[in-house]
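**Q** Quick one: the structure is below, and I'll ask about it shortly.
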């Protein structure tokens with residue numbers, strides 16, 4: 001099934017082939033926000049601690065960005081054919097998996113040999129076949145469906161289960177959008193898809209056997225699976241559709257700051273409503289609702305502002321330094337809360353600032369000499 005040329009013309013815009021340097025810089029900011037969630041420098045329970053604890057909003061930024069970029073890059077070309085799907089999944093695999101595989105393999109090797117500390121102190125609890133299951137679910141990017149093992153291996157990697165679920169479903173969503181040229185119907189399609197995905201997630205919680213915490217609870221589903229977080233991705237797709245309708249890049253007014261203001265209000269509300277604790281159950285239902293259904297609107301406004309307004313923030317994010325940090329943000333995100341961190345804090349320095357700087361330097365090296373070369377190698381086939 002191939003999208004007709006006439007329908008493509010309806011959804012094509014000058015922004016399709018553009019590179020968005022400000023959004024690359026924003027990726028670095030999102031990754032660093034998550035770092036300060038895990039390494040909160042403030043006194044537990046204090047107002048600054050609560051605010052910093054909401055740095056996991058960086059994950060929401062990543063999810064909205066993913067939806068926007070996938071829709072922007074693939075909507076014109078989408079087709080359900082073997083060559084297209086092979087190329088699409090090869091590119092997604094090259095983007096995500098090689099570095100994750102290497103860091104995950106290194107993590108389990110070091111823990112197994114006793115050379116490094118298991119950051120969540122879980123590995124020693126598993127024996128025999130349980131260890132093989134944990135390894136299988138980690139290397140296949142399935143572990144975030146299982147509450148009991150979600151933070152094993154490389155803990156931040158749980159979000160890759162969410163990302164990969166989106167990547168698997170994106171071709172179907174893109175094809176439906178491409179074959180629905182009426183703008184309002186496309187937005188209604190995204191709303192309907194969100195409701196359907198949320199319902200499917202709820203059905204899994206209600207009916208599926210909860211072996212190893214599979215879809216363990218409604219809060220868990222809403223926080224740690226694509227079915228609960230789908231609105232973030234589909235909001236990004238909605239932004240891509242809106243921008244593509246513009247005959248030329250429209251110049252918004254104060255959209256950047258409106259988006260930031262809404263995000264700050266959301267962060268404040270979540271900080272107020274969340275309990276003072278960490279871990280799987282550290283989010284209230286109110287906080288989950290704000291994060292999943294209100295915060296994405298703030299991120300969408302911010303992204304649109306960064307694409308259409310000549311602000312100082314956009315100029316800052318477009319600098320070469322932020323661009324490089326943004327490109328290495330995936331490596332930073334994976335290593336910032338891994339077996340590498342206890343090594344730094346034990347043998348080099350326990351200062352959060354020193355740890356942060358060393359992790360940034362390490363992520364730059366990983367991007368330059370591991371991630372980027374492997375991506376180019378795999379995409380060449």
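Just so it is clear, glycine is given a Cβ too, placed from its N, Cα and C backbone atoms.
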**Q** Transmembrane segment per TrEMBL: which of the ranges 59-75, 76-92 is that?
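**A** The range carrying the transmembrane segment annotation in TrEMBL is 59-75.
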**Q** How about long-range neighbours of the transmembrane segment (157-178): same chain, 6 or more residues beyond its ends, C-beta under 8 Å?
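**A** Contacts of the transmembrane segment (157-178) (Cβ under 8 Å, skipping residues fewer than 6 from its ends): 1, 3, 7-8, 11, 59, 62-63, 66-67, 70-71, 74-76, 78-80, 85, 88-89, 92, 96, 100, 104, 138, 141-145, 150-151, 186, 189-190, 193, 224-227, 229-230, 233-234, 237, 241, 334.
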**Q** Using a Cβ-Cβ cut-off of under 8 Å, list the residues of the same chain that are 6+ residues beyond the ends of the transmembrane segment (285-307) and lie near it.
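**A** The answer is 15, 20, 22-23, 26, 57, 60-61, 63-65, 68, 219, 222-223, 228-229, 231-232, 235-236, 238-239, 242-243, 249, 252, 254-263, 265-266, 269-270, 273-274, 313-314, 317.
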**Q** Does the transmembrane segment (96-115) reach the transmembrane segment (328-345), going by 3 or more CB pairs under 8 Å (6 or more apart in sequence)?
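**A** Contact confirmed: at least 3 Cβ pairs fall under 8 Å.
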